[in-house]
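According to TrEMBL, the feature disulfide bond maps to CYS152-CYS182, CYS153-CYS170. What TrEMBL lists as transmembrane segment is 12-34, 54-75, 87-111, 196-220.
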Amino acid sequence: RCGMRTTKCQLLVTSLCVMLLGLSIATLSTVAHYGLRFTLISNVSLDSNAYKVIHYSAFYFGICLSMTLILAALLSSAATVRESQCLTAMGFFCFALAFCGLIPAACWRYTHSTEVEDSMMDVYDFVYEEVRRNTSSFRRHELTAIHEAFLCCGKHSPFGDATDVENTTCPPNQVHNEGQDCLLEIQDFLKKHMDFVFSLLGIAIGFTVYGMFLTSFLWFSIHFSSNLYRKGKYTLR
């Protein structure tokens, strides 16, 4: 019973942390989907570009993963309070389901570390070249919006001179090499964002593994404890 009490306390703390992780992933997915910078790039990207697919896939995956983690935390908490084998088994299943989703996500982040970055910069290159070739293009407004959102100014020339694109689409204080190169700014922004996502995935994987261990231990503890309570209470007729 002492070991069961310790396991229950640990599982309650783990469930609280997992619930916070689930809420964090849901918040991050929503911000990444509806955030100004990501939305701008998604709206101007072509169907042939992979960014739009990644944009929507990451959002739906993040929401599903967060719901699974929150459900696992709620079931584990209820199982701990009620000492229910059924709820404990369901909590273990939700932890295992979340784990099966987290591992491919972490592997994809590791093996496709530059795919999001490349597709995002390809979108900017496309819009920039469209504006450069045709100054009356409607892409001018989109490029201006990107410059204002990322606080950057075009692509710096090796000769150090601003082109007509920068002069007409950059904020006044960003022109004449005062602003950051947009390709570098996009690269730096995505690196920070993806590093945070990878760290959050690593923490979530650790807690899901620990949650599976605790729920399985609690299930066996409840099972053998109930058998011990029945021991010696049978009457032969």
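Backbone N, Cα and C define each Cβ position, glycine as well.
Fair warning: this is a prediction, and the values are worked out from it, not measured in the lab.
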Contact set of the transmembrane segment (54-75) with the rest of its chain, CB cutoff 8 A exclusive, min separation 6+ beyond the ends, reads 15-16, 18-19, 21-23, 25-26, 28-30, 32-33, 38, 41-42, 87, 90-91, 94-95, 97-98, 101-102, 105, 115-116, 119, 204, 208, 211
Would you mind reading off the Cα separation of CYS152 (disulfide bond) from CYS170 (disulfide bond), to the nearest angstrom?
8
So CYS170 (disulfide bond), by the Cβ count within 10 Å over all chains shown, scores 22
Given a separation of at least six residues and a C-beta threshold under 8 Å, show me what packs close to CYS182 (disulfide bond) in the same chain.
TYR124, TYR128, ILE146, HIS147, PHE150, CYS152, CYS153, GLY154, LYS155
